[in-house]
Amino acid sequence: MCNNEAKMSELLSVQSDAPAKKINLMDLTRQQMREFFKELGEKPFRADQLVKWIYHFGEDNFDNMTNINKKLREKLKAVAEIKAPEVAVEQRSADGTIKWAMQVGEQQVETVYIPEADRATLCVSSQVGCALACTFCSTAQQGFNRNLTVSEIIGQVWRASKIIGNFGVTGVRPITNVVMMGMGEPLLNVANVVPAMEIMLDDFAYGLSKRRVTLSTSGVVPALDNLSKMIDVALAISLHAPNDELRDEIVPINKKYNIKTLIDSVNRYLTVSNANHGKVTIEYVMLDHVNDGVEHAHQLADVLKNTPCKINLIPWNPFPEAPYAKSSNTRIDRFQKTLMEYDFTVIIRKTRGDDIDAACGQLAGDVIDRTKRTAMKRQFGQNIGVTEVN
């Protein structure tokens, strides 16, 4: 909140004849927007109206906000804007999954919409690239560029909802669940991820249940310990290995926060969270003859024996030059059955969107190349093969 307050103070103190950068209202939670309106000399309830217009109705044009008087609309146009990422590329899978490359400044991030019979999940990115260098993940090959802002995170939800066509029909939600499982490590961008999730939960905005907003982390333990003090959402842990020796190799952050340290933190979170039904989701990617043996299943059962959890087994999704192979169905089934002998709930995740590189672990794909080509196109003004959506 401090950053946004500083931003507002700077904006409102600028002399009238000097150019001022407009504040993006999507960077503000409703409470922060109420402070913004107080700074403008307006009633704080105006923030409630604006939030409804932006997120319930998908409106980004002040002139269309009919219950706000013209004088205030003109004042807002002078100092503020409503700006979400634009879609640079859209791909649709045969199974109904949609992947968008969203333009964020000079870079792109990927957002995935996964419709099912009883729900529709949006997978949202939190960073441009990722610094954690997990060896089985395509995003890791991009490296880390920067954190996304609040507006770039919540703007993915806004843009997807706009495309899917929810706006104007409140109460009917084509997006029922949001998972922070896209590009990046959310707990390395807490300052922007938490406010974005607050907007997702806000009844004046998207009004999602805290059980339908999931944060996935590879295990940034200090941030996880602080998370429950800031917000309560569903938690998923990208574990992927049952022992420190193997996890050090494939999830390098384990060298800093080992499995015991991580699981202890998870258990602390579960004691105060109401969003998890008392259970955490454990994500485990299946790598052929790397982490998918029966002995690994027994080790995993031992690691999780005191942690209420649901285990998702994720068939690995290949990407170019990766040093792994996908586990066979036989090995995955055997792994599942071994864990179920310990009375764990174990689900084999159905692969969605793999024909458009939208499946788990595939995000980034050719987004690196597209980002470079987009920058070159802007620099040289030439058509160099970037497919854009207008």
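If you go along the chain as it appears here, the first residue is 1 and each next one adds 1.
In case you wondered, yes, glycine gets a Cβ from its N, Cα and C as well.
S-adenosyl-L-methionine binding, as stated in Swiss-Prot, involves G184, E185, S238, L239, H240, N317; the candidate among S161, S216, S328 given for that site is S216.
When other Cβ atoms within 10 Å of the Cβ of C130 ([4Fe-4S] cluster binding site) are tallied across all protein chains shown, the result is 26. In the three-state DSSP assignment, the secondary structure recorded for S216 (S-adenosyl-L-methionine binding site) is strand.
In the three-state DSSP assignment, the secondary structure recorded for S238 (S-adenosyl-L-methionine binding site) is strand.
Among G184, E185, S216, S238, L239, H240, N317, the residues given in the record as binding S-adenosyl-L-methionine, the maximal Cα to Cα distance rounds to 19 Å.
Between the CA atoms of N317 (S-adenosyl-L-methionine binding site) and E110 (active site, proton acceptor) there is a gap of 16 Å. Within 10 Å of the C-beta of L239 (S-adenosyl-L-methionine binding site) we count 28 further C-beta atoms, all protein chains included.
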